[in-house]
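K.L.:
One structure, pasted below without further comment.
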Amino acid sequence: MSVNQSAPPVPPFGQNQPVYPGYHPASYGGQPGPAVPASPYGAYNGPVPGYQQTPPQGVPRAPPSSGAPPASMQAPCGQTTYGQFGQGDIQNGPSSTAQMQRLQGSQQFGPPLAPVVSQPAVLQPYGPPPTSTQVTAQLAGMQISGAVSHAPPSSVLGYGPPTSLASASGSFPNSGPYGSYPQSQAPPLSQAQGHPGVQPPLRSAPPLASSFTSPASGGPRMPSMTGPLPPGQGFGSLPVSQPNHVSSTPSHALPPGTQMTGPPGTQMTGPPVPPPSMHSPQQAGYQLQQNGSFGPARGPQPNYESPYPGAPTFGSQPGPPQPLPPKRLDPDAIPSPQLNELPPQQRARHRIDPDAIPSPIQVIEDDRNNRGSEPFVTGVRGQVPPLVTTNFLVKDQGNASPRYIRCTSYNIPCTSDMAKQAQVPLAAVIKPLARLPPEEASPYVVDHGEAGPLRCNRCKAYMCPLMTFIEGGRRFQCSFCSCVNDVPPQYFQHLDHTGKRVDAYDRPELSLGSYEFLATVDYCKNNKFPSPPAFIFMIDVSYNAIRTGLVRLLCEELKSLLDYLPREGGAEESAIRVGFVTYNKVLHFYNVKSSLAQPQMMVVSDVADMFVPLLDGFLVNVRESRAVITSLLDKIPEMFADTRETETVFAPVIQAGMEALKAAECAGKLFLFHTSLPIAEAPGKLKNRDDRKLINTDKEKTLFQPQTGTYQTLAKDCVAQGCCVDLFLFPNQYVDVATLSVVPQLTGGSVYKYACFQVENDQERFLSDLRRDVQKVVGFDAVMRVRTSTGIRAVDFFGAFYMSNTTDVELAGLDEDKTVAVEFKHDDRLSEESGALLQCALLYTSCAGQRRLRIHNLALNCCTQLADLYRNCETDTLINYMAKFAYRGVVNSPVKTVRDTLITQCAQILACYRKNCASPSSAGQLILPECMKLLPVYLNCVLKSDVLQPGAEVTTDDRAYVRQLVSSMDVAETNVFFYPRLLPLTKSPIDSTSEPPAVRASEERLSSGDIYLLENGLNLFVWVGASVQQGVVQSLFNVSSFSQITSGLSVLPVLDNPLSRKVRGLIDSLRAQRMRYMKLIVVKQEDKLEMLFKHFLVEDKSLSGGASYVDFLCHMHKEIRQLLS
Ligand SMILES: [Zn+2]
């Protein structure tokens, strides 16, 4: 076999890499796969089928470019934030109630799970505790220490290691944080009273912007505290174990005597309503705290001055202006009734130092620094990959790249009892057709000839590096079901002394985690090889579509875009045929046969019984019919220029497209461009049933349910035909996205929404999304199956697809952006030796009509100690899964129930860790596993997201839209979507080419002298501080002062200076990284539009009632303590 890859150790497979659009052939040779037990035997060897070159799909071409949007735009259309959203995919499949419920069954909505009670009180039953971040919270207040318990890793705590915060006495009212949960009631368990043993309410009270002074407080800090602030708060991270907190040795740490004084005005963000009981336990709490050990000092934090030169800031506490009397009691120590009588400011005085709680920015930075330089080699089972925010290369040595599969944990419990105890969802987020960076090879295509891919006879798993060859190579044992299978003569090969086949590295299926097989006719519908797919463009030509200029813009764009349809391999032209339909209340089909001089229109007005009036000439080859197509696209805007028709139909349009594909006996995709609620008399007719009064009621779920079953039925027919539907919506008002997106959702399609579309404001975004959507790699008529080794089983699926049984994920279409999340449950005991294996097989038709199987394999470790589970978790994936789970749940359960379920589950996960894995420590400490220290902050972002806790400006359509969008997001997308990136633009040197370091998404991180950029994958803002230097304003906006900057601007002027080039370059680069085009909105400090922007400062309390990060952390701590008590 020839090799055309340059790579390493192993000889490459004799085939060229498939070229995917935009990719260079990758360079990588096969790498050694997992070792296979040996057993030397003689053999006969059959001919080894060569691997066939995979025809790539599509060709790399630059997208056509069309005119750029005008440079000055006004504020976004009334719809606010989501106006900017690009596309979406629908959430978990079918919203069919039946399915939803089935799915739901696996998790607990409804009554919160029972607390983990069964744990023995003994801490640390298992080996050395995994690294953990400890957060000590006194009562409601808390202090946090990032501590590393024995073991760990270099674990740099995200926020610096040990921090000791002094806290003030503040009262964190129990209810405080929760005040923020609007309708939520206080968690039942959370009464402070109930937990006498609990610690004192310490809180650090970093005032906004105040600097810390560090007075001296010695070991026993308590006494020295000034009113509000307790001295040595437990913020330090205890590197060692919790016991340190209790011990009297203030070892590491803050300079002795560090004392925090709180500025009088320190405020708490939460509603200051301290529960009485919270305060009483204080004393005890203090004791602990005083002796608390402070971990290593954290690095200086932005915005806080360091008290001592070189000294870490944390230890310091904000000092009150006046000298404090020694020994003054903390106000919190006062009996609760009195406390409650205190003015709110005093009660609210204590505030946790935001710098002392786990920082997403720090965790991301640390991972980049620690793991960004080395390639991630997949040869070892159960390795946790670098974070999605880290740039790294992947070398496939037998397990699928994390670009294809990411798991919530790479080490799963051996038994279901352990899994239930931990409550950590065991799930994989799979992106089967993920686009790889140019440096990484696309999967090889293996051709086993007429025999087809070699599979296990019993479980049907495909040949992979996990299979074990025995008896000299004459048989292989399936690693999934243990069945011993004969090796067919033509596939026989000798084994080497280690038991590995000598040709292992020549065969992708024996050495790589991901590869493809050419499918035989047995894998085709009706035992017939498929025809190439078709694209049908279906354009709304009603009054609204014409008036906004959409139709003209679209037709103009299609003339050039049709040259860029996906192509396979080195094909000169795309095999995809195209067809055109326009519609309002009736449908117009066009005959664009190449032999015609002019296109012909055929009108179908009987929308109740849709049929396709022509076959010949409807689906054509673009090159052959070029002239006729161009003529048609020129004529469409003219033909309907004077239309007065405002009503549209919708279901009949999809029906027509699907019937056309059926008649042509091919799969394909419909691109629908639609503007309004389909109220014309026809199947699938809808009425406006939007009702915001339903929000926060038990009927809120109906807003997410389709208003008619017509679309589910239609979707099912589409799936059977391999008809995928991509929907581009241009609504001026409510269009019932929840119902219109049913078909795209169930067919693996996408939904894009451009509210209040105006050509001058939105064309760049729309055209950019359209080009990407039309050109991207897509497979059709697909079925995905996830097999697992004995002991676990895939039980639940999330994403845009249809399921007619419990195991096969059916996708009329599947593109490179779509992910399917899969949850696993135990059905037997797993063993540490064999681990747990996953094999995802996707059968699909390529864009050239080739039938293929893409296989991804992944081996995970199994553990008998919970600590191993917690040490190998990936929070980003966990959040991706939990968000999808919650978003699906809102169709069947009240939103509040869904939120409570998430909170309960998170508390159980963390309580289980605390109980079983962390070193013993006082109850007042919040201890987070190192790998999950961001779980609370990220979960809070999910809880306060627009689907689960909408603000007044969020429309019902926005919520339905985001809901379906998130259902197909990959881990990187959900990461930035829920926790946006906030980049200071003017702080780093102007000539620096790297992206500026991000800051935390909180208003207090913004300085009015700077300009920031914020993005979440769908939205993009430039925020301008009110006191930015005039020169900067001039360089960026070409106006002389802040007041002259146009608020709501959506394009930065193109100016020839370093700052302007740098910022515009950064915006371009961010847009290039995202699936959808992010429209820019310039927001000025203190301007009205700033509210839009603030919505994305997710660490702050939100207008809709979402808790701040600090408040939520306190709440979570309380929940955990309830579970542990
Ligand atoms: Zn098997």
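Positions of Cβ are set from backbone N, Cα and C atoms, glycine also.
From a predicted model like this one, the values you see are computed outputs, not experimental measurements.
Copying in the features that TrEMBL gives for the protein in this structure:
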COMPBIAS  57-67  compositional bias 'Pro residues'
COMPBIAS  77-109  compositional bias 'Polar residues'
COMPBIAS  164-174  compositional bias 'Polar residues'
COMPBIAS  182-193  compositional bias 'Low complexity'
COMPBIAS  200-211  compositional bias 'Low complexity'
COMPBIAS  239-251  compositional bias 'Polar residues'
COMPBIAS  255-270  compositional bias 'Low complexity'
COMPBIAS  284-293  compositional bias 'Polar residues'
DOMAIN    453-491  domain 'Zinc finger Sec23/Sec24-type'
DOMAIN    530-774  domain 'Sec23/Sec24 trunk'
DOMAIN    779-862  domain 'Sec23/Sec24 beta-sandwich'
DOMAIN    875-974  domain 'Sec23/Sec24 helical'
DOMAIN    994-1065  domain 'Gelsolin-like'
REGION    1-134  region 'Disordered'
REGION    148-355  region 'Disordered'
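Tell me about the setting of these features in this model.
P.N.:
Sorting the domain 'Zinc finger Sec23/Sec24-type' (453-491) by DSSP state (H, G, I as helix; E, B as strand; all else coil) yields 6 helix, 11 strand, 22 coil.
Looking just at the domain 'Sec23/Sec24 trunk' (530-774), the mean pLDDT is 95.
For the domain 'Gelsolin-like' (994-1065), DSSP puts the residue distribution at 22 helix, 12 strand, 38 coil.
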K.L.:
From the DSSP assignment alone, can you count helix, strand and coil residues within the domain 'Sec23/Sec24 helical' (875-974)?
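P.N.:
Across the domain 'Sec23/Sec24 helical' (875-974), DSSP assigns the residues as follows: 65 helix, 5 strand, 30 coil.
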K.L.:
Would you mind splitting the domain 'Sec23/Sec24 beta-sandwich' (779-862) into helix, strand and coil residue counts from DSSP?
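P.N.:
When I sort the residues of the domain 'Sec23/Sec24 beta-sandwich' (779-862) into the three classes, I find 0 helix, 55 strand, 29 coil.
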